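Listed in Swiss-Prot:
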- Thr11, Phe12, His16, Pro17, Gly18, His19, Asp96, Tyr124: ATP binding site (BINDING)
Amino acid sequence: MVKKRVVTAGTFDILHPGHYEVLKFAKSLGDELIVIVARDETVKKIKGRKPIIPEEQRREMVEALKPVDKAILGSLKNKLEPILELKPDVIVLGPDQTTFDEETLKEELAKYGLHPEIVRFKGYKKCPFHSSFDIVKEIIRRFCNKEIKI
């Protein structure tokens, strides 16, 4: 039996419930979920800052999550390289991923003979800390209000 392979990608810097929701959703679409974790250098180029957690630690944490079968580091040369190697049946984009829109990604992959289903996750359950940025803001707020003592 051929397994249906699902791939998603992200930074995963400061894991939070939103990450977990995307990963559960992605796993529900197939038999095998492989996650591409962004390299530190790539994050710096896209977000203008290095991630807080180093890439290998982020990869290990993501791979330890129940929905994930395997986590790999992305390519420094070509963002599409891991996708071209993995040949997924489904690609899941997070709600805030803007590097590619669905149509552009389809067109790029078609040039290589790949035609995966591309799905954008839209089902965030709103919770107080569904983004790394919200977590950092709350830590700063509590620290400034002296609710956190170091």
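Keep in mind that glycine also has a Cβ here, set from the backbone N, Cα and C atoms.
Note that this is a predicted model, so its numbers are computed, not measured.
Sequence features, as recorded in Swiss-Prot, placed on the structure.
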{"residue": "Thr11", "record": "ATP binding site", "DSSP class": "coil"}
{"residue": "His16", "record": "ATP binding site", "DSSP class": "coil"}
{"residue": "Asp96", "record": "ATP binding site", "DSSP class": "coil"}
{"residue": "Tyr124", "record": "ATP binding site", "DSSP class": "coil"}
Go through Phe12, Tyr124, our binding-site residues, and report the one whose Cβ sees the most other Cβ atoms within 10 Å.
Phe12
For the ATP site made of Thr11, Phe12, His16, Pro17, Gly18, His19, Asp96, Tyr124, how many Å separate the two farthest Cα atoms?
17
Tell me, if you would, which residue among His16, His19 (binding-site residues) has the fewest other CB atoms within 10 Å in the structure shown?
His16
Largest tally of Cβ atoms lying within 10 Å of a Cβ, found at which of the binding-site residues Pro17, Gly18
Gly18
What count of other C-beta atoms do you get within 10 angstroms of the C-beta of Thr11 (ATP binding site), across all chains shown?
22
Relative to the Cβ position of Asp96 (ATP binding site), how many further Cβ atoms are located within 10 Å?
12
